[in-house]
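As C-alpha cells, the structure follows; a few thoughts come after it.
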Amino acid sequence: MIPVVALVGRPNVGKSTLFNRLTRTRDALVADFPGLTRDRKYGRAFLAGYEFIVVDTGGIDGSEEGIETKMAEQSLAAIEEADVVLFMTDARAGMTAADLAIAQHLRSRDKVTFVVANKVDGIDADSACGEFWSLGLGEVYQMAAAQGRGVTNMIDYALTPYAEAMGIVRELDEEGEQVEREYTEEEAEAEQERLQNLPIKLAIIGKPNVGKSTLINRILGEERVVVYDEPGTTRDSIYIPMSREGREYVLIDTAGVRRRSKVNEVIEKFSVIKTLKAVEDANVVLLVIDAREGIAEQDLGLLGFTLNAGRALVIAINKWDGIDQKVKDRVKSELDRRLGFIDFARIHFISALHGTGVGHLYESIEEAYDSATRRVSTSMLTRVMQMSQDDHQPPLVNGRRVKLKYAHAGGYNPPIVVIHGNQVKKLPDSYKRYMMNYFRRSLKVVGTPIQLRFHEGANPFEGRTEKLTVGQERRRKRAMSHIRDRTK
C-alpha cells in the first residue's frame, strides 16, 4: 500500500514549500505570511525511488481562533491519517511554545515521526538545531526546502524503514530516476496474460451523496452497502468481489470527499486518504458526478489525482433522470468546457436509483482496462513513432534535428511508451503532446492515459573538439587574411 507522509508544524516553517518541491507543483499557496494553507492539501510524489501521498497541513501555534481553530483540527487529523509524520520546525526562529505543544501531542500518538529543522541555509546549522533535540522525538534532520538541500536524503531516511516493513522494492537508475524496464516479447505476453486473469479492481469515487453506494447496490442487486440520504454514511472503503458474464471484479466503494466546511472530523477523518489510496489500488476509476450539482472543484481534484496516478477512467453523470432538457444541455456544455482535455475517457449519463444506463458502464470499464493492459510490440511502437515523425518532424535544437530512434513498452496500467533518441530531453512539451495523441489515435487507446518517457541516447561526439585538417586550416587562414584586407 502506498505510504502517506504528513507535513505538520506551526505556521510559516516551510511546509507548503516542501510540499511543492515533493509534488513538483504549486498547489499549495506559498508566501512569507503565516496561515496561508487553510486546509489539508494532498499530492502524489515520487522521490528517492518511492511513491507516496504527501499531505500539507495548516499550521498550529496554540492561539487559534475561528478558521485557525479548524486549521489546527485538520493538522491533528492529518497526523492520524499518516504512516510517517515530518514535524517541521524553523531553525532560524528557534524553538517555540507551539513546537513544544506539537511535540507533546506527537509523543502521545505513537506515530513514526521525524523532526525536520528547515531553513538552515546561511546559518550555523548545528548550533541552531541543537535545541530541537530537547523535543524528545529523536534525531533532528537539517533541511533547506526552498533550495532543495537535504530533501531527498530526508525522504530516503524516512520511508526506507516503512518500505522494508511493507516489502516495497524500489528501482533507481544511476541518476536516481525510476527505472522503466524494456520488456521482451515473451515477458510482455506473460505480463498481459497475468493482468487479464486478475479481477478488475474498480474504485467508485466522488463527493458524498452523489450516489456511489446506490450505484454499487444497483450493480450487485442487493442492499450490500448501507445507504442513507446523508453525506458521509460510508465511512471507509469497502472491497466487494463480484462477477459478471465471466469477468471477475472487485468493487471499491469509497468514503466521499466533502467540502471542509461540512466535515465532521470524528466521523470522516479518514475519508480523503482512503479515497486516494483506493485510486492507487484500482485498475479502473469510476468517477461519479451529481448532474444536479454540476462539476465541483472537488470533482476536478479527484480527477487530477486519478490522472496523475495513471489510472484508467470512466465518468458517470448520475441523477440524470428527472431534470429538464435545459439543465441537461447546460450540464453537457459544462462537461465540454471543463473536461474537454480528457477526451479519451467515456462519459455516461445514468440513474443509479432507477438503473438507467448502468448496464452500459461495464463495456467502457472493460474497454478501459483492456486498453491499459494491452500488449503492443516494440516493432509496432517503433513504427508508430516513425509515422509520427514522418507526419510532423521534430523541431531543430541548436541547429540540429531531434532524432527519435526506437520505442518500446515500459509498463502497463498505465501504458508507458519509452522513446530513445538524441536530444529527446529538449523536445518541447507541444511536440510531446502531439506524439502522445498520435500514439493514442494509432493504437486506438480508449479510457486510459498514455505516458511517454524519453531516454537520451549516448552521443559519441560529446566532449570532442573539432580538429581541422591541413587543407581546412590553409583555407581558413586565406579567408581570414581576405577579411582583414577588406577591413583596412
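Sequential numbering from 1, following the chain as shown.
A Cβ is built for glycine as well, from the same backbone N, Cα and C atoms used for every other residue.
As recorded in Swiss-Prot, the features of this protein are as follows:
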type    : residues                  : note
DOMAIN  : 3-166                     : domain 'EngA-type G 1'
BINDING : 9-16, 56-60, 118-121      : GTP 1 binding site
DOMAIN  : 200-373                   : domain 'EngA-type G 2'
BINDING : 206-213, 253-257, 318-321 : GTP 2 binding site
DOMAIN  : 374-458                   : domain 'KH-like'
Cα-Cα, Gly9 (GTP 1 binding site) versus Lys212 (GTP 2 binding site), nearest Å, comes out at 35
Whole-number mean pLDDT, the domain 'EngA-type G 2' (200-373), equals 80
Between the C-alpha atoms of Asn12 (GTP 1 binding site) and Lys212 (GTP 2 binding site), the distance in angstrom, to the nearest integer, is 39
Expressed in Å to no decimal places, the gap between the Cα atoms of Thr254 (GTP 2 binding site) and Thr57 (GTP 1 binding site) is 22
The number of other Cβ atoms within 10 Å of the Cβ of Asn209 (GTP 2 binding site), counted over all protein chains shown, is 20
Row Thr254 (GTP 2 binding site), column other C-beta within 10 angstroms, all chains, value 26
Three-class DSSP assignment, Thr57 (GTP 1 binding site), comes back as coil
As a whole number of Å, the Cα atom of Asn209 (GTP 2 binding site) is distant from the Cα atom of Lys15 (GTP 1 binding site) by 32
